[in-house]
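K.L.:
What follows is a single structure, and I will ask about it in a moment.
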């Protein structure tokens, strides 16, 4: 059959233009994709695509293990984690491994074990990736029909979706089991400055858990990022674990309804676009969580939030000047407002000065000093504990801010040399990567929709100037 265009000049979305061609190779002629298109060459080769995905998982796990051991090798117990540029050890510490009261690291061996386990796992995954890429069957449908698939098989696709959902649900329950039965997790709100504890009474009330979803994402509401206790965190994982597992079973046992069959595009590239969109959404949520939340991301390990550092500075100077004889209740600042304390718009007693903008900040080192109407003057005069002073002094000099001038009253120039908060790293990296994933979602969604609608795929190159130029030799 005569083809209208050269296959070398046409890049395909899902199917080859010439249906008579073999799909067994990995070159441009047989797949319609050049080498730099990567896994697109394997769209119809389920065995080889499995190898690519397993190898990719191996690379991810290898990075986790190697970076884990790198951080362990460079870790200095005398310094806080957030001062050492660590991003993996804080996650392990949050899970309750190797830490004691106040977030003090008392044993680094669990971190070493974690790194080694990840490296061993990456070797297994790497072997599987190489095997399925080079040795195993090119397609799974004939030899292993359970693992085989056709992209347009709607029932098979939802079955695969269901299996993935169940695996995610089990993952959510791993945190629940760790928190409730296997040693507990680190709770920054534990009395006395945080500690590892067993979560014995996780929140199961749907009104509380789903109430977070109904909150506004703006202002003081904070949507799900406003969670401020470990009972709600673990209870939320119980709910999401149940929903994922039961949703997975549902998708395995049922076939897509008619409206779903009509609404979605059922092709490999469409599934890729859906996945990229979901990852982008989760990346943006993770960005906000790591920046604003100090419960799931304890400040003992990740450093203070911006508002927390600002409030810590106001608190530190209040403690200092009160010892020097200042009347913290009535002293005025240069603007006539309270220098140390003032009233919020709703009448609560709050810290004065420029940190007033963060008056609704909540942090475990300051909450014990509050009363029914904001900060309690009697507690500020008589009940401040040494650990609160030490922590606020540490936090005020480790704001997660990239500015050389004052932001929110924080004297950031003292942070300008050799300090970038893990919150800054995590928030900016997740925001940026989520944006790129979202662009990928739009790109692949557009291509998948065009293919489904029968539009011309690829770029018309018949009139491309370079095709009419003399060869270089």
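Every residue, even glycine, has its Cβ placed from backbone N, Cα and C.
From a predicted model like this one, the values you see are computed outputs, not experimental measurements.
So Swiss-Prot lists the following for this protein:
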- 15: N-acetylthreonine (MOD_RES)
- 15: phosphothreonine (MOD_RES)
- 69-93: transmembrane segment (TRANSMEM)
- 134-155: transmembrane segment (TRANSMEM)
- 178-200: transmembrane segment (TRANSMEM)
- 255-275: transmembrane segment (TRANSMEM)
- 291-312: transmembrane segment (TRANSMEM)
- 367: [CaMn4O5] cluster binding site (BINDING)
- 447-471: transmembrane segment (TRANSMEM)
K.L.:
Under an 8 Å Cβ to Cβ limit, what residues of the same chain, 6 or more beyond the ends of the transmembrane segment (134-155), are close to it?
P.N.:
14, 24, 43-48, 50-51, 255-256, 261, 266-268, 271
K.L.:
Determine which residues of the chain contact the transmembrane segment (178-200) at the Cβ level, with the cut-off under 8 Å and only residues 6 or more beyond its ends counted.
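P.N.:
Distal contacts: 93-97, 99-103, 228-231, 234, 294-295, 298-301, 364-365, 367, 387-388, 391.
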K.L.:
Using Cβ-Cβ distances, find the residues under 8 Å from residue 367 ([CaMn4O5] cluster binding site) that belong to the same chain and are at least 6 apart in sequence, listing them in sequence order.
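P.N.:
When sequence neighbours closer than 6 are ignored, residue 367 ([CaMn4O5] cluster binding site) has 189 within Cβ distance under 8 Å.
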K.L.:
Need the DSSP three-state call for the residue listed as '[CaMn4O5] cluster binding site' to compare against my parser.
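P.N.:
Assignment for the residue listed as '[CaMn4O5] cluster binding site' reads helix.
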